[in-house]
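Notes follow the structure.
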Amino acid sequence: MNRIEVENLNVYFDEAHILKDVNIKIPNNTVTSLIGPSGCGKSTFIRTLNRMNDLISGFRKEGSIFLDGNEIYEPSVDVVELRKKVGMVFQKPNPFPKSIFDNVAYGLKVHGINDKDVVEERVEESLKSAALWEEVKDKLDKSAMGLSGGQQQRLCIARTIAIEPEVILMDEPCSALDPISTTKIEDLIHKLKKEYTIVIVTHNMQQATRVSKYTAFFLHGEIVESGRTEKLFMEPEDKRTEDYITGRFG
Amino acid sequence: MNNRLEEYLIEKGLFITAISSIIIILLIITFIFIEGFPAIESYGVLNFVFGSTWAPLKGDFGVLTMIVGTLGITFLALAMAVPLSLLCAIFMAEIAPSSMRRILKPVIETLAGIPSVVYGFFGLIILVPFMREQFGGTGFSMLTASVILTVMILPTIISVTVDSLRSVPYEYKEASLALGSTQWQTIRNVIFPAALPGVITGIILGMGRAIGETLAVIMVAGNVTQFPTSVMDPVRALTSNIALEMGYATGIHYNALFGTAIVLFFMIMILLVAANYLHYKKKVVIGGGYL
């Protein structure tokens, strides 16, 4: 079953045509990678899925995006509810300048979950799911700003899964991290895909092959090729895909 | 060699300018203390600070009524100005479209540039009669003075708060919205707390201006040296005391006015230290020492 279906998506920022006729289906409980050179539109694409581009002035789109069969840009759709279902992890770890506990509890709080026991339980569960619990359980009241970059990024993942989304969008989540932290995040992605549909933007093609079942290759705002990851990397159909994955450009 | 000489001269030049401004301040403080000390010494420190009778002709120099006046006017003004300016700053920084912000910002900055005598005159002509009609009495009161001061310190607090709200990293806002918070939840729970150290700085600056303001306060506060029993009573501020009597004060009375300045000096020091401590503490608590 497909969690997300995108049909003929065109995105403009003022006059600039950023995404051109994008069509893609993102299946349930799998990891889908988006690869492509810088400026190819993959980040813009991922940010249309939780409507984060709405914040940018001059944003305009044509075409449809369905989440579980419902068009997410319908006027009747509550953006707050949508973002609760479609969580996001950003390129640069961005914990709030609050305690570790408050960072994870934040999403629960804004969604009206105030019962202390429930919050504590969910915070612990989320930190365990994000493979961070053992490292922080004795300093939950300390500022999240004191964690390492890799720990901060796992905290951001914990914060996202605390509100139990259906989809997690990851926008180059490892680009600011060292190799060991990257491995930890990748292990985490493998664990999370059992329960969540994950879409990950990555610069790193090895990472795409390691974590994802499906891959889409973006170039100049278009999807050149998409399909099963091993197929795309072993027997690409398009010359441009082959050039990119063999390192001839990008 | 030439380069090193140039470096040397620039370094020393900067040092001299920096040190000379400090020397000027120290000289002023020393002068105030030298001139004010005789009055405080002869009348007694405790009598001077905690005495409630100010009657220069009879040799009574108790400034407590004026300490109460200054504190009353200042905190009443802050109580009105802080909520008003914070809400205004939040609107300007986070909600107003950029076209509106382009108009609002210079308007509010102009407000800061209006001379205090103009505010005072406005208060005298418009606000005092209004207060008299609404609440009775003379219209010259602690409340009238704090209303004028509120308008005067609004731009200071607003500008500093807007700047600190806008310097909160965009990533925090993005993270909060991506978790499904509404805009208001994001402002209240993430942006405002992160900007709090800057907000406190703005309040400190506003408070400094309120305590030090003389002319506008003289024109509307009534300047009576008695304890106010309500906000509608006239009061005299410490600054007003100096300005009102300096024209004719001689001898110990003259020294007593400088003594008033010393008291004012310590009050400002205490308030600034307290406010800065609060600012520092917030910064550390929020950022865990990393902000």
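Keep in mind that glycine also has a Cβ here, set from the backbone N, Cα and C atoms.
Heads up, TrEMBL stuff is auto-annotated, nobody curated it.
Here TrEMBL flags B:67-275 as domain 'ABC transmembrane type-1'.
According to TrEMBL, the feature transmembrane segment maps to B:12-34 (among others).
What TrEMBL records for B:64-92 (among others) is transmembrane segment. Non-local neighbours of the transmembrane segment (B:64-92) in the same chain are 49-52, 54, 101, 104-105, 108, 142-143, 145-147, 149-150, 153-154, 157-158, 161-162, 165, 187, 192, 199, 202-203, 206-207, 210-211, 217, 221, 225-228, 231, 235-241, 260, 263-264, 267; each lies 6+ residues outside the stretch with a CB under 8 Å from one of its CB atoms.
The feature transmembrane segment is assigned by TrEMBL to B:112-130 (among others).
Under the heading transmembrane segment, TrEMBL lists B:142-162 (among others). Note on the transmembrane segment (B:142-162): residues 69, 72-74, 76-78, 80-82, 84-86, 88-90, 92-93, 105, 108-109, 111-112, 116, 119-120, 122-123, 127-128, 131, 135, 195, 198-199, 201-203, 205-207, 209-210, 213, 216-217, 220-221, 228, 231-235, 237 of its chain, located 6 or more positions outside it, place their CB under 8 angstroms from a CB of the stretch.
Residues or ranges marked as transmembrane segment by TrEMBL: B:190-208 (among others).
Long-range contacts of the transmembrane segment (B:252-274) within the same chain: residues 29, 32-33, 35-40, 42-43, 48-49, 56, 59, 61, 63, 66-67, 70-71, 204, 207-208, 211-212, 238-239, 241-242, 245-246, each at least 6 residues beyond the stretch ends and with a Cβ under 8 Å from a Cβ of the stretch. Annotation comment: TrEMBL describes B:252-274 (among others) as transmembrane segment.
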